[in-house]
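Engineer: Pulled these features from Swiss-Prot for this protein:
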{"type": "BINDING", "residues": "137, 138, 275, 284, 293", "note": "substrate binding site"}
{"type": "BINDING", "residues": "167, 212, 267", "note": "divalent metal cation binding site"}
């Protein structure tokens, strides 16, 4: 990696939550890349003081060569916050600030100014309370990048789970799963496992939608009418697919030891297993974007803000994975 390709942009997320704490904790060690934090400088300096941690900020200079990040320092891409932040207390006046940091970081990642984007947790409810329609990071970045399809995947060192659908009510899931959508999702998953994870021939295990994967049509017809035909077409294109398998049996070592990724049909089908197995060590990845995006696997934890007790493990894992994905993409 060279110059701007040695830069990762970070958004701390909700200012009243643990995001700023975790970014400051990241700064307490050396990093081989430049960490450019898109945030209000005063917010970070105040929070560092509250945490009794050293922090020096240097302003981001796009035209200068990227520098490895030294412990105790961060590079700042400034965005001014609207109202004073009280740790643990949401303020609707700061919702536009949160969205502005996401937009600024996303635009820099799209342009190639940054090699990857790593996000801290946001509070979706307070953003919507401000009158800003916001489903989540995944959908926001997809819309801003003009991507008609992206794929949400969570990963630990041992397991990767991608989703055929994301933040939908359960009632809406069957209608959202079509042969076209599965073709798009699985093609993105297969491509990004190759290009961003360095897996030359990924093997993807696919969950059925219904109990027992439909039990031959006795517990639903989506497998027979949609999932099985879609997988057959994709296999003809050279994608290694196993399934559809019942979700309650797929998540066993005899299957997972061979799986480079699992495709779950909906959010709560696959993610509870992954989070139980590796909560605090999991990373949220958005596949199909024109840039690398990783994130923590937890929420804003308002009650922990400025207490010094927040666990930085997931943020460190997300940042390390982003660096690894950058290296894989450059090979």
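Heads up, the Cβ atoms here are built off N, Cα and C, so glycines get one too.
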Engineer: If you draw a 10 Å sphere around the Cβ of residue 137 (substrate binding site), how many other Cβ atoms fall inside it, taking every protein chain shown into account?
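Structural biologist: The answer is 23 other Cβ atoms.
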Engineer: Validating a neighbour-count step here. Other CB atoms within 10 A of the CB of residue 167 (divalent metal cation binding site): how many?
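Structural biologist: The Cβ of residue 167 (divalent metal cation binding site) has 13 Cβ neighbours within 10 Å.
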Engineer: Please work out which residue of 212, 267, 275, 293 has the most C-beta neighbours within 10 angstroms of its C-beta, and give that one of the binding-site residues.
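Structural biologist: Going through 212, 267, 275, 293 one by one, the largest Cβ count within 10 Å is at 293.
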Engineer: Cα distance, residue 167 (divalent metal cation binding site) to residue 137 (substrate binding site), nearest Å?
Structural biologist: 11
Engineer: Once near-sequence residues are set aside, which residues in the chain of residue 284 (substrate binding site), 6 or more away, have Cβ atoms under 8 Å from its Cβ?
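Structural biologist: In sequence order, 137, 152, 153, 154, 294, 295, 296, 297, 318 meet the Cβ cut-off.
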Engineer: Using Cα coordinates, what distance in whole Å links residue 267 (divalent metal cation binding site) and residue 138 (substrate binding site)?
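Structural biologist: Cα of residue 267 (divalent metal cation binding site) to Cα of residue 138 (substrate binding site) measures 13 Å after rounding.
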Engineer: Provide, as an integer number of angstrom, the distance between the C-alpha atoms of residue 212 (divalent metal cation binding site) and residue 293 (substrate binding site).
Structural biologist: 34
Engineer: Report the largest Cα to Cα distance, in Å and rounded to a whole number, among the residues 137, 138, 275, 284, 293 that the record lists as binding substrate.
Structural biologist: 19
Engineer: Hey, what's the Cβ neighbour count for residue 138 (substrate binding site) at 10 Å?
Structural biologist: 24
Engineer: Provide, as an integer number of angstrom, the distance between the C-alpha atoms of residue 138 (substrate binding site) and residue 167 (divalent metal cation binding site).
Structural biologist: 10
